[in-house]
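Colleague: According to Swiss-Prot, the 5-phospho-alpha-D-ribose 1-diphosphate binding site annotation covers Gly82, 85-86, 92-95, 110-118, Ser122, on the basis of sequence analysis. Summarising the annotation, Swiss-Prot assigns anthranilate 1 binding site to Gly82, Asn113 and lists sequence analysis as the type of evidence. The annotation Mg(2+) 1 binding site is assigned in Swiss-Prot to Ser94, Glu228. Annotated anthranilate 2 binding site per Swiss-Prot: Arg168, in sequence order. As annotated by Swiss-Prot, Mg(2+) 2 binding site applies to Asp227, Glu228.
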Amino acid sequence: MDIKGALNRIVNQLDLTTEEMQAVMRQIMTGRCTDAQIGAFLMGMRMKSETIDEIVGAVAVMRELADGVQLPTLKHVVDVVGTGGDGANIFNVSSAASFVVAAAGGKVAKHGNRAVSGKSGSADLLEAAGIYLELTSEQVARCIDTVGVGFMFAQVHHKAMKYAAGPRRELGLRTLFNMLGPLTNPAGVRHQVVGVFTQELCKPLAEVLKRLGSEHVLVVHSRDGLDEFSLAAATHIAELKDGEVREYEVRPEDFGIKSQTLMGLEVDSPQASLELIRDALGRRKTEAGQKAAELIVMNAGPALYAADLATSLHEGIQLAHDALHTGLAREKMDELVAFTAVYREENAQ
């Protein structure tokens, strides 16, 4: 099926099969469609609502065309990632949580990009911290193996995305591609915490990841709108484990953490996000730093559980608390800065 045939189906509110979606996505991602066709396709899909079959097909093609990262093992390797688009403009929680997971003994294959709608994307934050991002796949793999955390810059590993960049930017709306980023980790991780911008996506995306071979995944959305675990409200979870998807909710009090507002955690730049994270992972001199530390723990703990390094969310949160409060997480951030500095010089030659 070509994109014209797909558009004809979509405007009549007819779904595509997985195979049909794969055919259309290959055309888009290999430069065989016009910007007008891509924009119409994305808007049509959004208005119709994407099915699990369609998302599976789109993800499969993006993974196929990605510049992958080969790791010696995927055991205990996890990604903490969100779709973004929650409008909260709080600091980069998932990036900070990645260093806590590494400090607790996990391996993090972090996949991310620059900000699209927010003030600071994961790439913006890490660049502000002095972490070199233009790494080869082999260099990322060494970061993960040696430091315990490596960052895969989406625009480096998904070069075919350039064909959809213009239409996405001009539309200025959430589209299918907002869902695809967290599902197309170049290392092929099978353990993830995926934050989404609406609760309606939790179970469908867990089902998508199940079909694509994931093993232990938490797809989450907080009742206050965050695409991650929140301190201010209950968090809805669709958990994929042992081949089954179940849904439930948790609150901070379930883990001995006090519910509180997120006031003071908003940032207006990558530098502001970095300063708050350094305080949270360090001595926590400010009230905002103390609150940020609790939010980081609330998100790092589930990642340790998804990585099967903890037998429960409660145990994962305790492990994350210990790793943050020993200062090891702050050391992991500094270690990644130093480790990637070598590659900055190497790649410049």
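Cβ coordinates are placed from backbone N, Cα and C, and glycine is handled just like the others.
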Colleague: Using DSSP reduced to three states, classify Gly112 (5-phospho-alpha-D-ribose 1-diphosphate binding site) as helix, strand or coil.
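Modeller: Strand, per DSSP.
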Colleague: Rank the binding-site residues Asn92, Ser94, Ser95, Asn113 by the number of other Cβ atoms within 10 Å of each Cβ, and give the residue at the low end.
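Modeller: Minimum Cβ neighbour count within 10 Å, taken over the binding-site residues Asn92, Ser94, Ser95, Asn113, occurs at Asn113.
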Colleague: Using a 10 Å cut-off on Cβ-Cβ distances across all protein chains shown, tell me which of the binding-site residues (Gly82, Gly112) has the largest neighbour count.
Modeller: Gly112
Colleague: Counting distance between Cα atoms, which of the binding-site residues Asn113, Arg168, Asp227 is nearest Ser94 (Mg(2+) 1 binding site)?
Modeller: Asp227
Colleague: Roughly how many angstrom lie between the C-alpha atoms of Ser95 (5-phospho-alpha-D-ribose 1-diphosphate binding site) and Asp227 (Mg(2+) 2 binding site)?
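Modeller: One finds 13 Å between the Cα atoms of these residues.
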Colleague: For Asp227 (Mg(2+) 2 binding site), which of these binding-site residues sit within 10 Å, Cα to Cα: Gly82, Asn92, Arg168?
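Modeller: Passing the 10 Å Cα cut: Gly82.
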Colleague: Where among the binding-site residues Arg168, Asp227 do you find the Cβ with the fewest other Cβ atoms within 10 Å?
Modeller: Arg168
Colleague: What's the CA to CA span in angstrom from Gly82 (5-phospho-alpha-D-ribose 1-diphosphate binding site) over to Asn113 (anthranilate 1 binding site)?
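Modeller: Per the Cα atoms, Gly82 (5-phospho-alpha-D-ribose 1-diphosphate binding site) and Asn113 (anthranilate 1 binding site) stand 11 Å apart.
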Colleague: What is the Cβ neighbour count of Glu228 (Mg(2+) 1 binding site) at a 10 Å cut-off, with all protein chains included?
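Modeller: Looking across every protein chain shown, the total is 25.
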Colleague: Where does Glu228 (Mg(2+) 1 binding site) sit by DSSP, helix, strand or coil?
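Modeller: Going by the DSSP assignment, Glu228 (Mg(2+) 1 binding site) belongs to neither helix nor strand, so it counts as coil.
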Colleague: Name the one residue among Asn92, Arg168, Glu228 whose Cα is closest in three-dimensional space to that of Asn113 (anthranilate 1 binding site); these are the binding-site residues.
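Modeller: Among Asn92, Arg168, Glu228, Asn92.
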